[in-house]
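Peer 1: Here it is: the structure, laid out below.
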Amino acid sequence: MVHSQLPVAAPLRLLCALLLLPSATMIPGGLSPRSVTDPDVQKAAEFAVQEYNSLSTNAYYYKQLRIVEAQSQVVAGAKYYLTMELMKTKCAKATGKPKVYKEIQNCELPPKAQQEKLTCHFQVWSRPWLEKMELTKMSCN
């Protein structure tokens, strides 16, 4: 009688094991959650902030306060979906050489009453073999 239950027990164990796997491993090309401290996420976030500041018509730089959420998708490279909080700084954009990310992060914030915080959604497409990143989507409010 024990032998007749064996063929049923093995597939059930396999099914249970598959259900316990993280969902991201089961969906090739699907979105996977990423740690906001992951070095690749940090690099994509730096790029997004740099691009935001170069595209923005605001007279002042915005710096990264925090990465709220990060996801990635395997495409021809990796696409990072980032939700970030940015804050307007006291550093004015002067004509000439624009500030780089690390310089912007060192900019002082205005007093609390004058602070302007944005929540931004960025999509950054990374293709490391081409040494190329591209901001494919951006929305801030």
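Note: Cβ is positioned from N, Cα and C throughout, glycine not excepted.
When I checked Swiss-Prot for this same protein, it listed these features:
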type	residues	note
SIGNAL	1-26	signal peptide
SITE	GLY29	site 'Reactive site'
DOMAIN	29-129	domain 'Cystatin'
MOTIF	73-77	motif 'Secondary area of contact'
DISULFID	CYS91-CYS107	disulfide bond
DISULFID	CYS120-CYS140	disulfide bond
Peer 1: Write down the Cα-Cα distance for CYS107 (disulfide bond) and CYS120 (disulfide bond), rounded and given in Å.
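Peer 2: Between the Cα atoms of CYS120 (disulfide bond) and CYS107 (disulfide bond), the distance comes to 19 Å.
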Peer 1: How many other Cβ atoms are found within 10 Å of the Cβ atom of CYS91 (disulfide bond), counting all protein chains shown?
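Peer 2: Step by step: centre on the Cβ of CYS91 (disulfide bond), count other Cβ atoms within 10 Å, giving 18.
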Peer 1: Could you tally the C-beta atoms, other than its own, that fall within 10 angstroms of the C-beta of GLY29 (site 'Reactive site')?
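Peer 2: So the Cβ neighbour count for GLY29 (site 'Reactive site') comes to 9.
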Peer 1: Measuring Cα to Cα, how far is GLY29 (site 'Reactive site') from CYS91 (disulfide bond) in Å?
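Peer 2: So the alpha carbons of GLY29 (site 'Reactive site') and CYS91 (disulfide bond) sit roughly 40 Å from each other.
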Peer 1: Please list the DSSP helix, strand and coil residue counts for the domain 'Cystatin' (29-129).
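Peer 2: Secondary-structure breakdown of the domain 'Cystatin' (29-129): 27 helix, 45 strand, 29 coil.
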